[in-house]
C-alpha cells in the first residue's frame, strides 16, 4: 500500500482539466491518508542538493558552535538548535485524538528551527557567519521558496474543496511558518525503545512540506485502521512529502486528516539488536496560519451545525498548547 504521488507540473503548467484533476486528487488523498508525495515542484533540484549539504555541515559542527544558536530550555522562542532528547513529541501523541499519551518514547534526534526573517515575536537564532559561511542566507532563501510553494498548495486545496480560492490564503496574511532541519544520529537498534527514533505525533499547522534522505523509517498511521502504520518512502530526495496539519484538519472538520506519523525502524529488513542504523537527515517546512485566526471548523464543513472543533482558540493559543508539552 503506497501513498499517491502527483506531478506538480499538472497544476503549474497544465491545462484546465489537468489543473482540476490535480486539485481533486490532492484533496482526495489528503482526505484518505493525510499524506501525499509531489514530484517536479517549484523548488530546484540544485537547491535541494545544497540544502542537504548544509544540513550535514551544520550538525557536524562542534557542539560549542551549535550552542551559539541554542534553543532555550523553555518552549519559547521555538528557534535554534535543540540537542538530542531536548524535544519530546511522544507527549502529544494522542492530542488530536483526545487520548492521553500512555508511553514515553525517547527522541534520538537533534534539530534546528527558524521562522520568518522578520518575525519580531519569535526572532531567529543563528550561529556566526564565519562558523558556516552562507548558511543563514541560504536558509532564509529556502524558507521563502517553501513559503511560495505552500501558498500555491493552499490555492489548490481551496479549489479541490470547492471553496473560494483565497479562503485559506486569507488566513495566512502574516508569515508565521517555521523551517526545521533534522538529524537522527547513527544508533544501535537495541537502544531504540519500541523501535522508534521519534514517537508518533501530528503537526501543528496547515501543511508540512518534507524532504528526506533515503535512510527510511518514516511511517504514517492508516486513517481507516488506527494503530496501524505504513511506510512513507521517497522515490528521490527531490520529492516533497506533504501532510495535513492540525489547523487544516480543524478548519475542515476532519475532512482533511492530520495523521499521526513517526520515525521507526525501516520496514523490509530484519535488524539485529547490535546493528547500527545510519544517520538520517530531513528538512520540514511547517506552514502555519496567522496567529490571531480561530482554528474552529468552517461552517461549510459542519453538516447540521455539528463541529468537532468549537473551542474558539486562535492559532497561537493552539500551537502553544502543544508546544508547551513537547518542551516541558
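Any Cβ shown, glycine's included, is placed from N, Cα and C.
The average pLDDT for the domain 'Fe2OG dioxygenase' (175-289) in the predicted structure is 92. Residues or ranges marked as domain 'Fe2OG dioxygenase' by Swiss-Prot: 175-289.
Long-range C-beta contacts of residue 203 (Fe cation binding site), restricted to its own chain and to partners at least six residues apart, with a cutoff below 8 Å, comprise 243, 244, 245, 246, 258, 286. DSSP gives residue 203 (Fe cation binding site) a coil state; it is part of no helix or strand. The annotation Fe cation binding site is assigned in Swiss-Prot to 201, 203, 261 on the grounds of sequence analysis.
Sequence annotations record features per position, and here Swiss-Prot assigns 2-oxoglutarate binding site to 280. Under DSSP, residue 280 (2-oxoglutarate binding site) is assigned to a strand (E or B) in the three-state scheme.
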Where residue 201 (Fe cation binding site) and residue 280 (2-oxoglutarate binding site) are concerned, what is their Cα separation in Å, rounded? 18
Reduced to three DSSP states, the domain 'Fe2OG dioxygenase' (175-289) has 12 helix, 47 strand, 56 coil
Work out how many Å separate residue 280 (2-oxoglutarate binding site) and residue 261 (Fe cation binding site) at their Cα atoms, rounded off. 16
For a quick check of packing: other C-beta atoms within 10 Å of the C-beta of residue 280 (2-oxoglutarate binding site), how many? 23
